[in-house]
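To start, the structure under review is shown below, and the notes come after it.
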């Protein structure tokens, strides 16, 4: 059986991603359409939108494409080095834009706000990292500091390092965030032990530990919301 593959240029103008973006704005486009604009062209038998859909499914969405190595993407049929470079550059722009909101004194009002600030960058890391978000009295971000790299372990984490920048900045509070490279954000017993130690140290330093978030693949857990290590109000 012969399959007839429609090229993007043969689609009606209302179905072409660039024309739809011009008419309706980028927010109106599906993920595959946005990615197709970056890719520009597909490969024999597959147009750019179809290639974009395949990539998003194959790699598990934007976070999977972020995690994928350059060579892994470049060797994929229909990609190559030029398309891979364009895609990686666009993903990095998105990451930096999100982090820039912290530099503009982004205000954190909920665990979701904190997770959105950190998730794009931290969900693709191969190693566990512990970071502290330093906040002022209005919960505005002062600085995000990486304080530890490696499996969270009560005997290895230096609690003083968690608060070092917060003390220097005279922060009112911190939110602690770490990732699980496995993708499962369920806090471990060790996570709970370390969190209790940080909460106690924060009390002594008069710096409130507002929450400890565990980041997974597209998901997160707020230990305060779960009542883990934190006393429920």
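Here the Cβ of each residue, glycine as well, is placed from N, Cα and C on the backbone.
Copied from Swiss-Prot, the annotated features are:
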- 107-229: domain 'MPN' (DOMAIN)
- 178, 180, 191: Zn(2+) binding site (BINDING)
- 178-191: motif 'JAMM motif' (MOTIF)
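Structure coloured by features recorded in Swiss-Prot.
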residue : record              : CB count, 10 Å
178     : Zn(2+) binding site : 27
180     : Zn(2+) binding site : 24
191     : Zn(2+) binding site : 24
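The secondary structure of residue 178 (Zn(2+) binding site), as reduced to three states from DSSP, is extended strand. Taking the mean position of the Cβ atoms of 178, 180, 191 as the Zn(2+) site, the remaining residues of that chain whose Cβ falls within 8 Å of it are 128, 130, 152, 179, 185, 187, 188, 214, 215. Predicted-model confidence for the domain 'MPN' (107-229) is 89, expressed as mean pLDDT. Across the domain 'MPN' (107-229), DSSP classifies residues as 43 helix, 36 strand, 44 coil.
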